[in-house]
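Pulled from Swiss-Prot:
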SIGNAL    1-16  signal peptide
REPEAT    108-129  repeat 'LRR 3'
REPEAT    181-202  repeat 'LRR 6'
DOMAIN    295-382  domain 'Ig-like'
DISULFID  317-366  disulfide bond
COMPBIAS  410-428  compositional bias 'Low complexity'
COMPBIAS  580-590  compositional bias 'Polar residues'
COMPBIAS  595-604  compositional bias 'Pro residues'
(Lines of atoms letter the chains of each structure in order from A and count residues from 1; the text may use other names and numbers.)
(Lines give C-alpha, C1' and ligand atoms only; values in the text may rest on other atoms or scores of the structure.)
Protein backbone atom coordinates (compact mmCIF):
# COMPACT_ATOMS: atom_id res chain seq x y z
CA UNK A 1 0.00 0.00 0.00
CA UNK A 2 2.97 2.29 0.49
CA UNK A 3 3.91 1.93 -3.18
CA UNK A 4 0.71 3.55 -4.47
CA UNK A 5 1.35 7.00 -2.90
CA UNK A 6 4.88 6.90 -4.29
CA UNK A 7 3.64 6.28 -7.82
CA UNK A 8 1.15 9.08 -7.52
CA UNK A 9 3.95 11.45 -6.55
CA UNK A 10 6.18 10.44 -9.44
CA UNK A 11 3.44 10.68 -12.10
CA UNK A 12 3.59 14.48 -12.49
CA UNK A 13 7.33 14.26 -13.02
CA UNK A 14 6.95 12.09 -16.17
CA UNK A 15 7.62 14.01 -19.40
CA UNK A 16 4.53 14.87 -21.39
CA UNK A 17 4.31 13.27 -24.84
CA UNK A 18 4.78 15.84 -27.66
CA UNK A 19 1.98 16.28 -30.22
CA UNK A 20 2.55 14.82 -33.78
CA UNK A 21 4.53 17.14 -36.01
CA UNK A 22 2.98 18.07 -39.34
CA UNK A 23 4.55 16.69 -42.45
CA UNK A 24 7.28 18.87 -43.85
CA UNK A 25 6.14 20.88 -46.87
CA UNK A 26 7.43 19.97 -50.30
CA UNK A 27 10.17 22.21 -51.68
CA UNK A 28 9.01 25.03 -53.91
CA UNK A 29 9.52 24.19 -57.61
CA UNK A 30 12.29 26.00 -59.40
CA UNK A 31 11.33 29.37 -60.92
CA UNK A 32 8.13 29.42 -58.84
CA UNK A 33 7.07 31.44 -55.82
CA UNK A 34 5.39 29.63 -52.97
CA UNK A 35 3.45 31.26 -50.17
CA UNK A 36 3.58 28.72 -47.36
CA UNK A 37 3.80 30.97 -44.32
CA UNK A 38 0.08 31.66 -44.16
CA UNK A 39 -3.02 29.88 -45.28
CA UNK A 40 -4.17 29.30 -47.93
CA UNK A 41 -1.03 27.93 -49.54
CA UNK A 42 -0.26 29.20 -53.05
CA UNK A 43 2.14 28.09 -55.78
CA UNK A 44 2.71 30.81 -58.37
CA UNK A 45 4.60 29.87 -61.57
CA UNK A 46 3.44 32.35 -64.25
CA UNK A 47 5.80 32.79 -67.21
CA UNK A 48 8.39 30.39 -65.80
CA UNK A 49 9.10 28.60 -69.09
CA UNK A 50 7.73 25.30 -67.83
CA UNK A 51 7.31 22.44 -70.30
CA UNK A 52 5.21 20.31 -67.94
CA UNK A 53 3.49 20.52 -64.59
CA UNK A 54 6.21 20.45 -61.88
CA UNK A 55 6.20 17.09 -60.08
CA UNK A 56 7.33 18.62 -56.74
CA UNK A 57 4.15 20.58 -56.09
CA UNK A 58 2.93 20.99 -52.56
CA UNK A 59 -0.20 18.85 -52.56
CA UNK A 60 -1.72 21.02 -49.82
CA UNK A 61 -1.84 24.10 -52.07
CA UNK A 62 -5.15 25.88 -52.49
CA UNK A 63 -4.07 28.00 -55.46
CA UNK A 64 -1.94 26.94 -58.42
CA UNK A 65 -1.09 29.38 -61.21
CA UNK A 66 0.72 27.92 -64.24
CA UNK A 67 -0.26 30.50 -66.86
CA UNK A 68 1.98 31.72 -69.71
CA UNK A 69 4.13 28.61 -69.96
CA UNK A 70 4.68 25.90 -72.58
CA UNK A 71 2.80 23.00 -71.03
CA UNK A 72 1.44 20.73 -73.79
CA UNK A 73 -0.21 17.90 -71.83
CA UNK A 74 -1.96 17.55 -68.49
CA UNK A 75 -1.38 14.01 -67.25
CA UNK A 76 -3.31 12.00 -64.70
CA UNK A 77 -0.53 12.13 -62.08
CA UNK A 78 0.22 15.85 -62.45
CA UNK A 79 -2.57 16.99 -60.10
CA UNK A 80 -3.16 13.81 -58.13
CA UNK A 81 -4.03 14.10 -54.41
CA UNK A 82 -4.51 17.88 -54.54
CA UNK A 83 -7.86 17.61 -52.80
CA UNK A 84 -7.69 21.10 -51.30
CA UNK A 85 -7.03 23.00 -54.53
CA UNK A 86 -9.56 25.80 -55.09
CA UNK A 87 -8.16 27.75 -58.04
CA UNK A 88 -6.25 26.35 -61.02
CA UNK A 89 -4.98 28.50 -63.89
CA UNK A 90 -3.50 26.90 -67.02
CA UNK A 91 -4.15 29.86 -69.30
CA UNK A 92 -2.06 30.65 -72.37
CA UNK A 93 -0.08 27.44 -72.62
CA UNK A 94 0.13 25.01 -75.56
CA UNK A 95 -2.13 22.33 -74.10
CA UNK A 96 -3.42 19.96 -76.77
CA UNK A 97 -4.44 17.03 -74.61
CA UNK A 98 -5.97 16.62 -71.16
CA UNK A 99 -5.91 13.04 -69.92
CA UNK A 100 -9.19 11.49 -68.81
CA UNK A 101 -9.48 11.87 -65.05
CA UNK A 102 -6.72 14.47 -64.83
CA UNK A 103 -8.93 16.57 -62.51
CA UNK A 104 -10.68 13.69 -60.75
CA UNK A 105 -9.01 14.46 -57.37
CA UNK A 106 -9.86 18.18 -57.47
CA UNK A 107 -13.24 17.84 -55.82
CA UNK A 108 -12.90 21.20 -54.08
CA UNK A 109 -11.90 23.12 -57.21
CA UNK A 110 -14.06 26.16 -57.93
CA UNK A 111 -12.30 27.89 -60.85
CA UNK A 112 -10.57 26.28 -63.82
CA UNK A 113 -8.93 28.46 -66.49
CA UNK A 114 -7.96 26.65 -69.71
CA UNK A 115 -8.22 29.63 -72.08
CA UNK A 116 -5.59 30.40 -74.70
CA UNK A 117 -4.59 26.80 -75.42
CA UNK A 118 -4.90 24.42 -78.38
CA UNK A 119 -7.68 22.09 -77.32
CA UNK A 120 -9.71 20.77 -80.26
CA UNK A 121 -12.31 18.74 -78.39
CA UNK A 122 -13.60 18.14 -74.89
CA UNK A 123 -14.64 14.60 -74.03
CA UNK A 124 -16.83 13.18 -71.32
CA UNK A 125 -14.02 12.06 -69.00
CA UNK A 126 -11.74 15.08 -69.12
CA UNK A 127 -13.70 17.14 -66.55
CA UNK A 128 -14.66 14.19 -64.37
CA UNK A 129 -14.63 14.84 -60.63
CA UNK A 130 -15.19 18.63 -60.68
CA UNK A 131 -18.33 18.46 -58.58
CA UNK A 132 -17.86 21.94 -57.05
CA UNK A 133 -16.71 23.81 -60.15
CA UNK A 134 -18.25 27.26 -60.59
CA UNK A 135 -16.11 29.01 -63.22
CA UNK A 136 -14.99 27.21 -66.39
CA UNK A 137 -13.08 29.33 -68.93
CA UNK A 138 -12.40 27.60 -72.29
CA UNK A 139 -12.14 30.61 -74.58
CA UNK A 140 -9.49 31.11 -77.29
CA UNK A 141 -8.97 27.44 -78.04
CA UNK A 142 -9.63 25.45 -81.20
CA UNK A 143 -12.65 23.55 -79.90
CA UNK A 144 -14.73 22.00 -82.67
CA UNK A 145 -16.61 19.41 -80.60
CA UNK A 146 -18.06 19.36 -77.10
CA UNK A 147 -19.29 16.01 -75.83
CA UNK A 148 -22.83 15.83 -74.48
CA UNK A 149 -21.64 14.51 -71.12
CA UNK A 150 -18.59 16.74 -70.74
CA UNK A 151 -20.30 18.99 -68.16
CA UNK A 152 -22.31 16.37 -66.28
CA UNK A 153 -20.29 16.49 -63.03
CA UNK A 154 -20.47 20.28 -62.75
CA UNK A 155 -23.92 20.89 -64.27
CA UNK A 156 -25.53 21.78 -60.93
CA UNK A 157 -22.79 24.11 -59.66
CA UNK A 158 -21.47 25.87 -62.77
CA UNK A 159 -22.10 29.63 -62.75
CA UNK A 160 -19.80 30.95 -65.47
CA UNK A 161 -19.14 29.15 -68.78
CA UNK A 162 -17.04 30.82 -71.47
CA UNK A 163 -16.77 29.05 -74.85
CA UNK A 164 -15.97 32.12 -76.94
CA UNK A 165 -13.42 32.29 -79.75
CA UNK A 166 -13.56 28.65 -80.79
CA UNK A 167 -14.65 26.69 -83.88
CA UNK A 168 -17.94 25.31 -82.60
CA UNK A 169 -20.58 24.66 -85.26
CA UNK A 170 -22.86 22.62 -83.00
CA UNK A 171 -23.42 22.47 -79.27
CA UNK A 172 -25.05 19.90 -76.98
CA UNK A 173 -28.02 22.18 -76.37
CA UNK A 174 -29.75 19.69 -74.09
CA UNK A 175 -26.67 19.53 -71.87
CA UNK A 176 -26.47 23.33 -71.77
CA UNK A 177 -30.13 23.47 -70.84
CA UNK A 178 -29.34 21.56 -67.63
CA UNK A 179 -27.05 24.31 -66.30
CA UNK A 180 -29.68 25.66 -63.95
CA UNK A 181 -27.30 27.91 -61.94
CA UNK A 182 -25.35 29.46 -64.80
CA UNK A 183 -25.23 33.28 -64.74
CA UNK A 184 -22.97 34.04 -67.70
CA UNK A 185 -22.85 32.10 -70.95
CA UNK A 186 -20.32 33.17 -73.59
CA UNK A 187 -20.86 31.70 -77.07
CA UNK A 188 -19.49 34.58 -79.13
CA UNK A 189 -17.07 34.27 -82.04
CA UNK A 190 -17.92 30.73 -83.04
CA UNK A 191 -19.51 29.13 -86.12
CA UNK A 192 -23.03 28.57 -84.80
CA UNK A 193 -25.62 28.76 -87.60
CA UNK A 194 -28.79 28.06 -85.62
CA UNK A 195 -30.17 27.86 -82.11
CA UNK A 196 -33.06 25.47 -81.39
CA UNK A 197 -36.23 26.88 -79.91
CA UNK A 198 -36.37 26.60 -76.13
CA UNK A 199 -32.62 26.04 -75.75
CA UNK A 200 -32.45 28.53 -72.83
CA UNK A 201 -35.89 28.00 -71.32
CA UNK A 202 -34.55 26.30 -68.15
CA UNK A 203 -31.71 28.75 -67.49
CA UNK A 204 -33.66 30.75 -64.93
CA UNK A 205 -30.58 32.44 -63.43
CA UNK A 206 -29.01 33.47 -66.72
CA UNK A 207 -27.97 37.14 -66.58
CA UNK A 208 -25.76 37.53 -69.65
CA UNK A 209 -25.91 35.71 -72.98
CA UNK A 210 -23.33 36.62 -75.63
CA UNK A 211 -23.82 35.23 -79.15
CA UNK A 212 -22.03 37.92 -81.16
CA UNK A 213 -20.08 37.13 -84.34
CA UNK A 214 -21.57 33.78 -85.26
CA UNK A 215 -23.51 32.70 -88.36
CA UNK A 216 -27.00 33.13 -86.97
CA UNK A 217 -29.65 34.24 -89.45
CA UNK A 218 -32.48 34.14 -86.94
CA UNK A 219 -32.99 33.83 -83.19
CA UNK A 220 -36.08 31.88 -82.15
CA UNK A 221 -38.22 33.35 -79.37
CA UNK A 222 -37.59 31.78 -76.02
CA UNK A 223 -39.64 31.85 -72.81
CA UNK A 224 -36.57 33.22 -71.05
CA UNK A 225 -36.59 36.30 -73.26
CA UNK A 226 -40.26 36.97 -72.70
CA UNK A 227 -39.99 36.74 -68.90
CA UNK A 228 -37.02 39.05 -68.41
CA UNK A 229 -36.50 42.58 -69.76
CA UNK A 230 -33.72 42.89 -72.30
CA UNK A 231 -31.28 45.73 -71.73
CA UNK A 232 -28.12 46.42 -73.63
CA UNK A 233 -26.13 47.97 -70.81
CA UNK A 234 -24.99 45.44 -68.21
CA UNK A 235 -23.91 48.12 -65.72
CA UNK A 236 -27.26 49.81 -65.39
CA UNK A 237 -29.30 46.63 -65.51
CA UNK A 238 -31.26 45.51 -62.50
CA UNK A 239 -30.40 42.24 -60.84
CA UNK A 240 -33.11 40.35 -62.72
CA UNK A 241 -32.29 41.78 -66.16
CA UNK A 242 -30.86 39.72 -68.99
CA UNK A 243 -28.15 41.16 -71.19
CA UNK A 244 -28.37 39.73 -74.71
CA UNK A 245 -25.67 40.44 -77.30
CA UNK A 246 -26.05 39.12 -80.85
CA UNK A 247 -24.28 41.66 -83.06
CA UNK A 248 -22.09 40.57 -85.95
CA UNK A 249 -24.50 37.90 -87.20
CA UNK A 250 -25.98 37.79 -90.74
CA UNK A 251 -29.53 38.39 -89.53
CA UNK A 252 -32.36 37.71 -91.94
CA UNK A 253 -34.86 40.42 -91.06
CA UNK A 254 -38.30 38.91 -91.64
CA UNK A 255 -41.33 38.20 -89.51
CA UNK A 256 -39.41 35.67 -87.40
CA UNK A 257 -37.49 38.54 -85.74
CA UNK A 258 -40.43 40.84 -85.03
CA UNK A 259 -40.43 39.74 -81.38
CA UNK A 260 -36.84 40.97 -81.05
CA UNK A 261 -37.54 44.24 -82.85
CA UNK A 262 -40.29 45.09 -80.37
CA UNK A 263 -37.78 45.19 -77.51
CA UNK A 264 -36.43 48.67 -76.78
CA UNK A 265 -32.66 48.76 -77.26
CA UNK A 266 -30.56 51.78 -78.09
CA UNK A 267 -26.83 51.06 -78.09
CA UNK A 268 -26.32 47.76 -79.91
CA UNK A 269 -25.11 47.87 -83.50
CA UNK A 270 -26.92 44.90 -85.02
CA UNK A 271 -27.63 45.17 -88.76
CA UNK A 272 -29.70 43.24 -91.29
CA UNK A 273 -27.89 41.10 -93.85
CA UNK A 274 -30.97 40.05 -95.85
CA UNK A 275 -33.40 40.24 -97.61
CA UNK A 276 -31.82 42.51 -100.24
CA UNK A 277 -34.30 45.32 -99.55
CA UNK A 278 -33.12 45.54 -95.92
CA UNK A 279 -29.49 44.46 -96.30
CA UNK A 280 -27.08 46.73 -94.44
CA UNK A 281 -29.73 48.68 -92.53
CA UNK A 282 -29.51 49.19 -88.79
CA UNK A 283 -31.69 46.55 -87.14
CA UNK A 284 -33.41 48.90 -84.71
CA UNK A 285 -34.09 51.47 -87.44
CA UNK A 286 -36.22 49.08 -89.52
CA UNK A 287 -39.92 49.45 -88.82
CA UNK A 288 -41.94 46.52 -87.59
CA UNK A 289 -44.09 46.61 -90.71
CA UNK A 290 -41.01 45.83 -92.83
CA UNK A 291 -40.33 42.55 -91.04
CA UNK A 292 -42.51 40.49 -93.37
CA UNK A 293 -42.60 36.88 -94.56
CA UNK A 294 -43.80 35.38 -97.83
CA UNK A 295 -46.16 32.39 -97.79
CA UNK A 296 -44.94 29.26 -99.60
CA UNK A 297 -45.77 28.56 -103.22
CA UNK A 298 -45.37 25.11 -104.78
CA UNK A 299 -43.35 25.61 -107.95
CA UNK A 300 -42.86 21.99 -109.06
CA UNK A 301 -44.43 18.63 -108.36
CA UNK A 302 -44.16 15.22 -109.93
CA UNK A 303 -46.69 14.35 -112.66
CA UNK A 304 -48.97 11.32 -112.22
CA UNK A 305 -46.66 8.39 -111.72
CA UNK A 306 -47.24 4.72 -112.62
CA UNK A 307 -44.78 2.05 -111.51
CA UNK A 308 -44.99 -1.74 -111.28
CA UNK A 309 -45.10 -3.29 -107.85
CA UNK A 310 -41.72 -3.92 -106.29
CA UNK A 311 -40.07 -0.99 -108.03
CA UNK A 312 -38.95 2.25 -106.29
CA UNK A 313 -40.81 5.49 -106.82
CA UNK A 314 -39.71 9.08 -106.22
CA UNK A 315 -42.25 11.84 -105.53
CA UNK A 316 -40.93 15.38 -105.82
CA UNK A 317 -42.27 18.65 -104.51
CA UNK A 318 -40.55 22.04 -104.67
CA UNK A 319 -41.72 25.20 -102.93
CA UNK A 320 -40.40 28.72 -102.37
CA UNK A 321 -41.15 31.25 -99.66
CA UNK A 322 -39.62 33.42 -96.95
CA UNK A 323 -38.50 31.80 -94.73
CA UNK A 324 -37.72 28.65 -96.72
CA UNK A 325 -40.70 26.34 -96.35
CA UNK A 326 -40.48 22.89 -94.89
CA UNK A 327 -42.00 20.14 -97.04
CA UNK A 328 -43.89 17.19 -95.56
CA UNK A 329 -45.80 14.32 -97.18
CA UNK A 330 -49.12 12.75 -96.24
CA UNK A 331 -50.06 9.28 -97.50
CA UNK A 332 -53.39 8.46 -99.20
CA UNK A 333 -54.49 7.04 -95.84
CA UNK A 334 -53.81 10.38 -94.09
CA UNK A 335 -50.62 9.38 -92.27
CA UNK A 336 -47.66 11.72 -92.03
CA UNK A 337 -44.73 10.07 -93.79
CA UNK A 338 -41.14 10.15 -92.64
CA UNK A 339 -38.02 8.04 -92.71
CA UNK A 340 -38.76 4.35 -92.32
CA UNK A 341 -37.71 1.00 -93.71
CA UNK A 342 -39.77 1.60 -96.87
CA UNK A 343 -39.62 5.37 -97.32
CA UNK A 344 -37.14 8.22 -97.05
CA UNK A 345 -38.00 11.92 -96.84
CA UNK A 346 -35.33 14.39 -97.92
CA UNK A 347 -35.02 18.06 -96.89
CA UNK A 348 -35.38 19.17 -100.51
CA UNK A 349 -38.96 17.86 -100.64
CA UNK A 350 -38.38 14.46 -102.27
CA UNK A 351 -40.16 11.38 -100.96
CA UNK A 352 -38.60 8.09 -102.06
CA UNK A 353 -40.52 4.84 -101.74
CA UNK A 354 -37.89 2.13 -101.75
CA UNK A 355 -40.24 -0.76 -102.61
CA UNK A 356 -43.78 -0.10 -103.79
CA UNK A 357 -46.70 -2.37 -102.99
CA UNK A 358 -50.15 -2.59 -104.62
CA UNK A 359 -51.70 -0.85 -101.59
CA UNK A 360 -49.43 2.20 -101.92
CA UNK A 361 -51.34 3.67 -104.84
CA UNK A 362 -53.43 6.79 -104.39
CA UNK A 363 -53.13 10.55 -103.93
CA UNK A 364 -50.10 11.73 -101.95
CA UNK A 365 -50.28 15.25 -100.52
CA UNK A 366 -47.28 17.57 -100.39
CA UNK A 367 -47.52 20.23 -97.65
CA UNK A 368 -45.09 23.17 -97.71
CA UNK A 369 -45.28 25.36 -94.60
CA UNK A 370 -43.44 28.31 -93.07
CA UNK A 371 -44.18 31.12 -90.62
CA UNK A 372 -46.42 32.89 -93.15
CA UNK A 373 -48.66 29.95 -94.08
CA UNK A 374 -48.71 26.73 -96.03
CA UNK A 375 -49.40 25.39 -99.52
CA UNK A 376 -50.44 21.93 -100.67
CA UNK A 377 -50.15 19.92 -103.87
CA UNK A 378 -51.39 16.45 -104.85
CA UNK A 379 -49.32 13.78 -106.58
CA UNK A 380 -51.00 10.63 -107.91
CA UNK A 381 -49.21 7.30 -107.71
CA UNK A 382 -50.45 4.17 -109.50
CA UNK A 383 -48.91 0.83 -108.60
CA UNK A 384 -49.41 -1.82 -111.27
CA UNK A 385 -48.69 -5.54 -111.37
CA UNK A 386 -45.07 -6.63 -111.08
CA UNK A 387 -43.16 -6.88 -114.39
CA UNK A 388 -41.99 -10.16 -115.92
CA UNK A 389 -38.63 -11.33 -114.62
CA UNK A 390 -36.95 -10.66 -117.99
CA UNK A 391 -37.72 -6.94 -118.03
CA UNK A 392 -34.92 -4.70 -116.84
CA UNK A 393 -35.30 -0.89 -116.82
CA UNK A 394 -37.35 -0.86 -119.98
CA UNK A 395 -40.95 0.04 -120.75
CA UNK A 396 -40.93 -1.98 -123.98
CA UNK A 397 -43.28 -4.94 -124.21
CA UNK A 398 -40.64 -7.09 -125.90
CA UNK A 399 -38.41 -8.84 -123.38
CA UNK A 400 -34.71 -8.73 -124.17
CA UNK A 401 -33.30 -11.71 -125.94
CA UNK A 402 -30.88 -14.12 -124.37
CA UNK A 403 -27.43 -12.64 -124.06
CA UNK A 404 -28.60 -9.11 -124.81
CA UNK A 405 -27.14 -6.58 -122.30
CA UNK A 406 -29.53 -4.43 -120.32
CA UNK A 407 -29.34 -1.90 -117.49
CA UNK A 408 -29.32 -4.50 -114.71
CA UNK A 409 -26.99 -7.09 -116.28
CA UNK A 410 -23.28 -6.64 -115.56
CA UNK A 411 -21.23 -6.05 -118.72
CA UNK A 412 -19.05 -9.10 -118.17
CA UNK A 413 -22.05 -11.36 -117.64
CA UNK A 414 -23.79 -9.95 -120.70
CA UNK A 415 -20.81 -10.41 -122.97
CA UNK A 416 -20.10 -13.91 -121.65
CA UNK A 417 -23.71 -14.92 -122.16
CA UNK A 418 -23.73 -13.47 -125.66
CA UNK A 419 -20.54 -15.28 -126.60
CA UNK A 420 -21.84 -18.59 -125.27
CA UNK A 421 -25.13 -18.29 -127.15
CA UNK A 422 -23.32 -17.25 -130.30
CA UNK A 423 -21.17 -20.34 -130.21
CA UNK A 424 -24.27 -22.51 -130.15
CA UNK A 425 -26.74 -20.70 -132.39
CA UNK A 426 -24.49 -18.65 -134.66
CA UNK A 427 -24.95 -14.94 -135.41
CA UNK A 428 -27.94 -13.26 -133.73
CA UNK A 429 -30.97 -12.10 -135.66
CA UNK A 430 -30.68 -8.50 -136.83
CA UNK A 431 -33.03 -6.08 -135.05
CA UNK A 432 -32.43 -2.98 -137.15
CA UNK A 433 -28.76 -2.25 -136.49
CA UNK A 434 -26.71 -2.60 -139.68
CA UNK A 435 -22.94 -2.78 -140.09
CA UNK A 436 -22.72 -1.47 -143.65
CA UNK A 437 -18.98 -1.10 -144.01
CA UNK A 438 -16.15 -2.52 -142.01
CA UNK A 439 -12.45 -2.98 -142.51
CA UNK A 440 -9.54 -4.02 -140.36
CA UNK A 441 -9.82 -1.19 -137.80
CA UNK A 442 -13.14 0.60 -138.49
CA UNK A 443 -16.84 -0.12 -139.01
CA UNK A 444 -19.83 2.04 -139.98
CA UNK A 445 -22.92 1.43 -137.80
CA UNK A 446 -26.43 2.49 -138.88
CA UNK A 447 -29.80 2.15 -137.14
CA UNK A 448 -33.37 3.23 -137.98
CA UNK A 449 -34.83 6.50 -136.72
CA UNK A 450 -36.51 6.21 -133.30
CA UNK A 451 -38.86 9.18 -133.53
CA UNK A 452 -41.83 7.17 -132.19
CA UNK A 453 -40.07 7.16 -128.81
CA UNK A 454 -40.74 10.59 -127.24
CA UNK A 455 -38.10 12.45 -125.28
CA UNK A 456 -35.00 10.73 -126.70
CA UNK A 457 -31.91 12.37 -125.27
CA UNK A 458 -29.15 10.34 -126.90
CA UNK A 459 -28.11 6.93 -128.20
CA UNK A 460 -25.70 4.63 -126.45
CA UNK A 461 -23.49 2.18 -128.35
CA UNK A 462 -21.88 -0.59 -126.33
CA UNK A 463 -19.60 -3.23 -127.80
CA UNK A 464 -16.77 -5.60 -126.98
CA UNK A 465 -14.60 -8.04 -128.87
CA UNK A 466 -14.40 -11.80 -128.60
CA UNK A 467 -11.04 -11.54 -126.82
CA UNK A 468 -12.11 -8.93 -124.25
CA UNK A 469 -14.96 -8.89 -121.72
CA UNK A 470 -14.80 -5.14 -121.06
CA UNK A 471 -17.60 -3.17 -122.66
CA UNK A 472 -16.80 0.03 -124.54
CA UNK A 473 -19.44 2.77 -124.54
CA UNK A 474 -20.09 5.56 -127.02
CA UNK A 475 -22.69 8.31 -126.47
CA UNK A 476 -24.25 9.58 -129.71
CA UNK A 477 -26.47 12.68 -130.14
CA UNK A 478 -30.18 12.04 -130.62
CA UNK A 479 -30.11 13.52 -134.14
CA UNK A 480 -27.69 10.89 -135.45
CA UNK A 481 -28.59 7.56 -137.03
CA UNK A 482 -25.08 6.33 -137.86
CA UNK A 483 -21.67 6.28 -136.30
CA UNK A 484 -18.19 5.30 -137.47
CA UNK A 485 -16.35 3.10 -134.99
CA UNK A 486 -12.58 3.41 -135.17
CA UNK A 487 -9.61 2.00 -133.29
CA UNK A 488 -10.92 -1.55 -133.64
CA UNK A 489 -8.61 -4.54 -133.51
CA UNK A 490 -8.14 -6.47 -136.73
CA UNK A 491 -9.26 -10.05 -137.09
CA UNK A 492 -11.71 -10.04 -134.16
CA UNK A 493 -15.44 -10.58 -133.71
CA UNK A 494 -17.43 -7.80 -132.05
CA UNK A 495 -20.84 -7.89 -130.32
CA UNK A 496 -22.54 -4.50 -130.59
CA UNK A 497 -25.84 -3.10 -129.30
CA UNK A 498 -27.51 0.30 -129.69
CA UNK A 499 -29.78 1.64 -126.91
CA UNK A 500 -32.01 4.71 -126.91
CA UNK A 501 -31.76 6.85 -123.76
CA UNK A 502 -34.98 8.78 -123.12
CA UNK A 503 -37.01 10.37 -120.34
CA UNK A 504 -40.00 8.29 -119.38
CA UNK A 505 -42.99 10.62 -119.09
CA UNK A 506 -44.78 8.18 -116.80
CA UNK A 507 -42.03 8.03 -114.18
CA UNK A 508 -40.04 11.17 -114.86
CA UNK A 509 -36.87 9.07 -114.76
CA UNK A 510 -34.25 8.31 -117.38
CA UNK A 511 -34.78 4.93 -119.07
CA UNK A 512 -33.21 2.94 -121.89
CA UNK A 513 -34.77 0.94 -124.72
CA UNK A 514 -32.81 -1.46 -126.95
CA UNK A 515 -32.76 -0.43 -130.62
CA UNK A 516 -30.96 -3.50 -131.88
CA UNK A 517 -27.82 -5.61 -131.76
CA UNK A 518 -25.44 -7.02 -134.33
CA UNK A 519 -22.26 -9.02 -134.63
CA UNK A 520 -19.49 -8.40 -137.11
CA UNK A 521 -15.88 -9.32 -137.65
CA UNK A 522 -13.07 -7.06 -138.69
CA UNK A 523 -10.81 -8.07 -141.54
CA UNK A 524 -7.38 -9.53 -140.74
CA UNK A 525 -4.52 -7.13 -141.13
CA UNK A 526 -2.15 -7.62 -144.09
CA UNK A 527 1.61 -7.65 -143.66
CA UNK A 528 3.08 -5.53 -146.49
CA UNK A 529 6.79 -5.66 -147.29
CA UNK A 530 7.44 -2.06 -146.65
CA UNK A 531 10.49 -0.15 -145.65
CA UNK A 532 12.19 -1.27 -142.48
CA UNK A 533 11.24 0.46 -139.33
CA UNK A 534 13.12 3.49 -138.16
CA UNK A 535 14.72 1.70 -135.19
CA UNK A 536 16.14 -0.93 -137.54
CA UNK A 537 17.60 1.74 -139.85
CA UNK A 538 19.17 3.54 -136.95
CA UNK A 539 20.90 0.40 -135.69
CA UNK A 540 22.23 -0.44 -139.15
CA UNK A 541 23.71 3.02 -139.60
CA UNK A 542 25.45 2.82 -136.25
CA UNK A 543 26.99 -0.57 -137.11
CA UNK A 544 28.16 0.65 -140.55
CA UNK A 545 29.71 3.80 -139.13
CA UNK A 546 31.52 1.80 -136.48
CA UNK A 547 32.90 -0.55 -139.13
CA UNK A 548 34.26 2.36 -141.17
CA UNK A 549 35.98 3.82 -138.13
CA UNK A 550 37.56 0.47 -137.20
CA UNK A 551 38.78 -0.08 -140.79
CA UNK A 552 40.31 3.40 -140.88
CA UNK A 553 42.18 2.80 -137.63
CA UNK A 554 43.54 -0.54 -138.92
CA UNK A 555 44.77 1.05 -142.18
CA UNK A 556 46.49 3.84 -140.25
CA UNK A 557 48.26 1.35 -138.00
CA UNK A 558 49.38 -0.70 -141.05
CA UNK A 559 50.87 2.38 -142.72
CA UNK A 560 52.83 3.28 -139.60
CA UNK A 561 54.24 -0.24 -139.35
CA UNK A 562 55.33 -0.21 -142.99
CA UNK A 563 57.13 3.10 -142.62
CA UNK A 564 58.84 1.85 -139.51
CA UNK A 565 60.19 -1.20 -141.34
CA UNK A 566 61.30 0.85 -144.33
CA UNK A 567 63.56 3.03 -142.13
CA UNK A 568 65.33 0.11 -140.52
CA UNK A 569 63.58 0.13 -137.28
CA UNK A 570 64.20 3.87 -136.74
CA UNK A 571 61.59 6.52 -136.79
CA UNK A 572 61.32 8.36 -140.09
CA UNK A 573 63.98 11.13 -140.50
CA UNK A 574 66.50 9.52 -138.05
CA UNK A 575 68.98 7.23 -139.96
CA UNK A 576 72.51 6.11 -139.14
CA UNK A 577 74.13 8.82 -141.30
CA UNK A 578 72.38 11.57 -139.61
CA UNK A 579 74.91 11.74 -136.73
CA UNK A 580 78.02 12.61 -138.89
CA UNK A 581 76.08 15.15 -140.86
CA UNK A 582 74.99 16.92 -137.77
CA UNK A 583 78.57 16.94 -136.37
CA UNK A 584 80.01 18.30 -139.61
CA UNK A 585 77.55 21.10 -139.77
CA UNK A 586 78.16 22.11 -136.18
CA UNK A 587 80.18 25.24 -135.32
CA UNK A 588 82.29 25.34 -132.15
CA UNK A 589 84.83 28.19 -132.08
CA UNK A 590 83.56 30.35 -134.82
CA UNK A 591 85.85 28.69 -137.40
CA UNK A 592 85.55 25.74 -139.64
CA UNK A 593 88.05 22.87 -139.15
CA UNK A 594 88.77 19.70 -141.04
CA UNK A 595 86.18 17.08 -140.69
CA UNK A 596 87.28 13.56 -139.89
CA UNK A 597 86.33 10.87 -142.27
CA UNK A 598 83.11 9.17 -141.52
CA UNK A 599 83.38 5.69 -140.10
CA UNK A 600 82.87 2.81 -142.38
CA UNK A 601 79.43 1.33 -142.24
CA UNK A 602 79.08 -1.97 -140.58
CA UNK A 603 78.38 -4.87 -142.87
CA UNK A 604 74.86 -5.91 -142.88
CA UNK A 605 72.90 -8.60 -144.45
CA UNK A 606 71.50 -7.83 -147.84
CA UNK A 607 67.97 -6.66 -147.81
CA UNK A 608 65.32 -6.93 -150.33
CA UNK A 609 64.55 -3.26 -150.21
CA UNK A 610 66.66 -0.21 -151.09
CA UNK A 611 68.92 1.22 -148.38
CA UNK A 612 69.55 4.94 -148.47
CA UNK A 613 73.06 5.98 -147.23
CA UNK A 614 73.98 9.59 -146.68
CA UNK A 615 77.72 10.67 -147.02
CA UNK A 616 79.19 14.15 -146.80
CA UNK A 617 81.78 15.35 -149.43
CA UNK A 618 85.38 15.98 -148.19
CA UNK A 619 86.32 19.52 -147.36
CA UNK A 620 88.90 21.23 -149.60
CA UNK A 621 91.98 23.23 -148.65
CA UNK A 622 90.00 26.38 -148.67
CA UNK A 623 88.18 25.01 -145.72
CA UNK A 624 91.16 24.71 -143.48
CA UNK A 625 90.84 26.24 -140.12
CA UNK A 626 91.85 29.86 -139.81
CA UNK A 627 94.73 30.94 -137.75
CA UNK A 628 94.44 33.01 -134.73
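Backbone N, Cα and C atoms are what each Cβ position is placed from, and that goes for glycine too.
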Near residue 366 (disulfide bond), which residues of its chain come within a Cβ-Cβ distance under 8 Å, counting only those 6 or more away in sequence?
298, 301, 315, 317, 319, 327, 328, 329, 349, 376, 377, 378, 379
Around the Cβ of residue 317 (disulfide bond), how many other Cβ atoms lie within 10 Å? Please give the count over every shown protein chain.
26
Under a three-state reading of DSSP, tell me whether residue 366 (disulfide bond) is helix, strand or coil.
strand
Mind looking up the mean pLDDT for the repeat 'LRR 3' (108-129) in the predicted model?
94
Could you count the residues of the repeat 'LRR 3' (108-129) that DSSP puts in helix, in strand and in coil?
0 helix, 5 strand, 17 coil
Under DSSP, the domain 'Ig-like' (295-382) has how many residues in helix, strand and coil?
3 helix, 54 strand, 31 coil
Looking only at the repeat 'LRR 6' (181-202), how are its residues distributed among DSSP helix, strand and coil?
0 helix, 3 strand, 19 coil
